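S.K.: My questions will all concern the structure given below.
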Amino acid sequence: MSFRILTAASRRRTLLLVQNHLRPTHLPRRCSSSLHPSQPHDPVQTDVPPPTSQYVYQEPPPPSIDPEKVHLPPEHEWRKHFPLYVSVNHRVSIRHAPTAKKIAEAFVPEGSKDKVIVEAFPGPGQLTRALLDLPKERIKRLIVMEDWEPYLQYLRPLELADPRVKIVNRDGYTWDSYQRLGELGLLDDVPKLGWEEGVHPTLQFISHIPSTVMGEQLVAQFFRSIPERQWLFVYGRVPISFILSEMVSKRVTATITDIGQRCKVSVVAEAVADSAPALPYEALQPFEEHFHPVRAQNSMSAEKKKSPRAVGNPFTTLTIIPKEKQLIKKGDMDAWDYCLRHLFVRKATALSVALPGLAPGAQTLVKKITDPNLPESERVDVRKRVRTLTADEWALVAKAFNDWPFAPSDLSIGDSFVIKERLG
């Protein structure tokens, strides 16, 4: 193909062609009086604005919606309709409809009324459909957050079929996605309750948790948001319902007797919330009968042995209710984070040995939390190993650190926490 330099005249001709092409087609072309002297100007025609060569942005047309996709494919065909692309092969979601029904009933039980539910990582929406099948008085609005197009194709028809559904094309990882819910006015009618006014009766968060480090960090971030009254917790004590891997569930709920699982998030979770399974563990086993994706048996067995995060390892449910009395006071989360990060590096070490490593001069904290003049309830047995400290004992350590005049001034963990730092 050859190209030529346009002359000034040819440029003018090209511009006129472009202008005429951009002229609105729904309005009549204005007539010239010199060409039709006997025909008066039509006042409507004379109001037509002159053509312009400027490009005016128009919103793209809405995606086409296949009404047939209000129904999901047969369960045995899910691998064909939802292949294992790298971008989503860690996204586990409920596939078996009877299981989804049990989970929906457990998450939003009888007695629930006018719930506004935010659902993240729904996949193609088996649980979404089960929630909509509950008695209508239980759910007032279902806000579904999903950004993968093959899944959206099976979610958008629900928005057309049921006025309670609102599909938001955003992922569940970034905080901007949740701010978008406010910008859209989807939470405008949700009351903001005081912390002492009980568990929020209407607002609820439901999510599958991806089997990745970032998924684990998302869970940790949710717990960290509770004492700071951030995220959805600006509305009060909002309950959370998870479908997540057994590994993460065990780490969240680990007590001082579960020393192999006890980690930083275990301590924070114990301090700020009550966590319990929504369904018995056995109700969701084995994995391949209830969840998507299911891989070939030989490859799945090999990967399960290789990584505890591999898809195919057991999944379970967990319901989290923020406590009314918080051991972590608002504004103290950074101090807790600092102490937990530095001390869990030596989690098998006695507190008396690990505590001086918090910062130069921190050995004075050992004396402070063992002062015999303090009531017994305000003293800590520093012979205990770090991972066997209760949340109440961690509160005493964090308070002593907060009151210490030589504590480091910069306690922030930075942006890397959300993306890179491991759960435990």
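Cβ atoms are placed via backbone N, Cα and C, with glycine included.
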S.K.: The S-adenosyl-L-methionine site in TrEMBL includes Ile94, Asp171. Which of Glu68, Glu146, Glu196, Glu197 is also listed there?
M.R.: Glu146
S.K.: Looking only at DSSP and grouping its letters into three states, which state does Ile94 (S-adenosyl-L-methionine binding site) belong to?
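M.R.: Reduced to three states, the DSSP call for Ile94 (S-adenosyl-L-methionine binding site) is strand.
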S.K.: Please identify which of Glu146, Asp171 has the densest Cβ environment, defined as other Cβ atoms within 10 Å, among these binding-site residues.
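M.R.: In terms of Cβ crowding, the pick is Glu146.
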S.K.: Across all chains shown, how many C-beta atoms besides its own are within 10 angstroms of the C-beta of Ile94 (S-adenosyl-L-methionine binding site)?
M.R.: 27
S.K.: Could you give the maximum C-alpha to C-alpha distance in Å for the residues Ile94, Glu146, Asp171 that bind S-adenosyl-L-methionine per the record?
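M.R.: Max Cα-Cα spread across the S-adenosyl-L-methionine binders: 18 Å.
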